[in-house]
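Working notes, beginning with the structure itself.
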Amino acid sequence: MPPTVTAAEPVTTTGHVLPGEADYHALNAMLNLYDADGKIQFEKDREAAKQYFLQHVNQNTVFFHSQDEKLDYLIENEYYEREVLDQYSRDFIKSLLDRAYAKKFRFPTFLGAFKYYTSYTLKTFDGKRYLERFEDRVVMVALTLAAGDTELAEKLVDEIIDGRFQPATPTFLNSGKKQRGEPVSCFLLRIEDNMESIGRSINSALQLSKRGGGVALLLSNIREHGAPIKNIENQSSGVIPIMKLLEDSFSYANQLGARQGAGAVYLHAHHPDIYRFLDTKRENADEKIRIKTLSLGVVIPDITFELAKKNEDMYLFSPYDVERVYGVPFADVSVTEKYYEMVDDARIRKTKINAREFFQTLAELQFESGYPYIMFEDTVNRSNPIAGKITHSNLCSEILQVSTPSEFNDDLSYAKVGKDISCNLGSLNIAKAMDSPDFAQTIEVAIRALTAVSDQTHITSVPSIEQGNNDSHAIGLGQMNLHGYLARERIYYGSEEGIDFTNIYFYTVLFHALRASNKIAIERGTHFKGFEKSKYASGEFFDKYTDQVWEPKTDKVRRLFADADIHIPTQDDWKQLKESVQKHGIYNQNLQAVPPTGSISYINHSTSSIHPVASKIEIRKEGKIGRVYYPAPYMTNDNLDYYQDAYEIGYEKIIDTYAAATQHVDQGLSLTLFFKDTATTRDVNKAQIYAWRKGIKTLYYIRLRQMALEGTEVEGCVSCML
């Protein structure tokens, strides 16, 4: 019997409203209006979520008479990947669906439900009908990642549907679908200083963007504008034309995938084209050089800060000459270490700019555009446990892994395949993880899920990405809902207790993540390539955990862990883990990275990443539907005080919180800085210096609160008044 549909309209944002019922969009808007007693109407948003199903989702969902009918239809019509389901018995698949549906999951917010149905769920090929509910998507993700392991599939369903673990968008969106992109979030590529590498990088960017991932590229090794080519002076065009080629490539590849084509480029602060590079983001930049859609990142070593502190000039070095003198690409040389040696070396062409003016320019641009991102090169490499150099980050500034150069033949085939980087991401909801019946298991299941993403990804069109993934099995376990959790427990973000919790939480997560990776290495009898040269193998990584006691400094945090029945690892625990790691290794070269978590935090009902909320009631513009309102998780009319927004909290407390987490994270954390509209470029520079001093690894966007509408707020409007 063919499936039936209960309504004839396509999937649009309008629904069928019965007389006397409020439209779900109108109900959601009431979240932004106080009631007669001056209270926020949280119940209106819950009602909006309910009405969204009654008025819209249920009426546009294909109805099947049984699970068998549904599964057969989706496989035969090439909606689901047969290979995924063939790893299990039909009885098991049905029992897993029953397990998911028995949880009685409900979206707590309208935006969560709306995001899920517009962006993630499987639809008919004409886009007019829904073929999955949330439970079906969770089951398909679990079946895909568990790869035939029924016990892991059951655990994954529990962790995801209970909201403790949320795979990143590409994994959650694509898993189990026949027509799909890759489950990987993003990629990082190096470009070397030759035409073959540049040409191949453009092709790689197209290939990766087509598959739905953001791509970040390193430009630091490209010879500067005016450098010689084949010993003829003033020939090179520098980095700007390459940026233009990349920007056009991403806008083209955008047409092929479900996600926007997105790219970032990173340049070293001591590259002679640095000002040209930054000028591409100026509002008044000439169209010939203006870069509108590429994200920009700058790699800044310690020496740049030291020169600015002394108000000295900073020298910019020709990458072409540096590579000739040192025999390695510019990005692989430590500028801090070799700075004065390079200044004195007559073979290396150099120009100079004022170091303070450079920082002033950075701040001006961040005011204008929010860019560039910043990577603190020496901080990143000092805390890197893996042999080799980290040269740049990704589109969200949280991926920090070692890459190595590739070499190409004239026809752009690989003469030597280097190591490039892919990001296999997913995040824990801190509040739900703290509520977990088994904290260690929650982390282990998450690590196994992310490892599966790495194991199942084969991007053969870009051999350096494939090589890097096969060698490293690198993953990035993230975190979200820190502010939501702290507020729920009546702790202020950035307070002594807030920072204490962040420290101990990340400390405990690290222990269990390493232990899980060590377990996988033991089970498979192998570890990541290059483990022998790592600080894990030497034992150096573990010194800070075995040589000192890590425990809560405040009674409140001690109590939170005790009440949650979560054991805080002791020095003895670390000694045992160190012994096992040195003996058997770990499977994943990298384990943690904290991304900004956009859409998945709405579905999971979390505050995004580990930064504070930008507002108590967030306003989002969502396609044709227009304004949608999202209430901060766990917020009630009784605990509003604990939801100070990021602009009120200020950069110091945000940086202090991130610093507490950073010391336990092998990669990076997306850190956005928020400033009130009264801020100056001096304030931005002070924040950058404070972040550098505190051991922060990267800075993501700068956000300025726009107060242009001051004095025009609607009376009694929550998002304006709070």
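Including glycine, each Cβ sits where the backbone N, Cα and C put it.
In the disulfide annotation of Swiss-Prot, C423 is paired with C186 out of the candidates C186, C396. Record note: Swiss-Prot gives S185, C186, G214, N394, L395, C396, S397, E398, P596, T597, G598, S599, I600 as substrate-binding, and the candidate from T169, T379, T570 in that site is T169. Highest local Cβ density among the recorded sites Y700, Y701 belongs to Y700, counted as other Cβ atoms within 10 Å over all protein chains shown. According to DSSP, C396 (active site, cysteine radical intermediate) sits in a coil region rather than a helix or strand.
The C-beta environment of C186 (disulfide bond), restricted to residues of the same chain at least 6 apart in sequence and closer than 8 Å, consists of G213, G214, V215, A216, N394, L395, C396, I399, S422, C423. It is E398 that, of the recorded positions D193, E398, has its Cβ surrounded by the most other Cβ atoms within 10 Å. In sequence order, D193, I229, S236, G238, S318, P319, Y320 constitute the residues six or more apart from R223 (site 'Allosteric effector binding') in its chain with CB-CB distances below 8 Å. Under the three-state DSSP scheme, C186 (disulfide bond) falls in the strand class.
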